[in-house]
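Peer 1: I have a structure here, written as structure tokens, and I will follow up with some questions on it.
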């Protein structure tokens, strides 16, 4: 009887290890958001723009930092945005001046949605 229990337990543990090992190791935080790259603009043909995701995270503000804030906040966030590293000013057929991005990278976010 004891041998049957240990064999059954071994089979269950082996099955759990196989399931855990087959689980994908990919990072789930960026699912649905592509890497920061150049893509064609949907409105202006032949104009490239930087789109995609970079790094962002939020965490509870440490007490020491919170005590030095003028307006204490419970959550602190860090982020980098997909921005143009280089670009050139061009004019569209309709006379609109736009920036055609030539290279992208992740850098400090200057504009945040409120």
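Here the Cβ of each residue, glycine as well, is placed from N, Cα and C on the backbone.
Heads up, here are the entries from Swiss-Prot:
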type: DISULFID; residues: 33-53; note: disulfide bond
type: DISULFID; residues: 36-82; note: disulfide bond
type: DISULFID; residues: 50-104; note: disulfide bond
type: DISULFID; residues: 54-106; note: disulfide bond
type: DISULFID; residues: 81-109; note: disulfide bond
type: CARBOHYD; residues: 74; note: N-linked glycosylation site
type: CARBOHYD; residues: 100; note: N-linked glycosylation site
type: SIGNAL; residues: 1-22; note: signal peptide
Peer 1: Tell me the Cβ contacts of residue 82 (disulfide bond) under 8 Å, same chain only and six or more apart in sequence, or just say none.
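Peer 2: For residue 82 (disulfide bond), the qualifying residues are 36, 50, 51, 52, 53, 54, 104, 105, 106.
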Peer 1: Of the recorded positions 74, 81, 100, 109, which one has its Cα closest to the Cα of residue 33 (disulfide bond)?
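Peer 2: Result: the closest of the recorded positions to residue 33 (disulfide bond) is 81.
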Peer 1: What are the non-local neighbours of residue 109 (disulfide bond), defined as same-chain residues 6+ apart in sequence with CB under 8 A from its CB?
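Peer 2: Sequence-distant Cβ neighbours: 79, 80, 81.
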Peer 1: At the level of the C-alpha atoms, what whole-angstrom distance separates residue 100 (N-linked glycosylation site) and residue 74 (N-linked glycosylation site)?
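Peer 2: Distance (Cα to Cα, whole Å): 39 Å.
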Peer 1: Quick one: give me the count of other CB atoms within 10 A of the CB of residue 53 (disulfide bond).
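Peer 2: Counting Cβ neighbours of residue 53 (disulfide bond) within 10 Å gives 17.
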Peer 1: So, three-state DSSP: helix, strand or coil for residue 81 (disulfide bond)?
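Peer 2: Its secondary structure by DSSP: strand.
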Peer 1: Hey, what's the Cβ neighbour count for residue 50 (disulfide bond) at 10 Å?
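Peer 2: There are 20 such Cβ atoms around residue 50 (disulfide bond).
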Peer 1: Under DSSP, is residue 50 (disulfide bond) helix, strand or coil?
Peer 2: strand
Peer 1: Radius 10 Å, atoms counted are CB only; among the disulfide-bonded residues 33, 81, 104, 106, which position scores highest?
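Peer 2: Result of the Cβ crowding comparison: 104.
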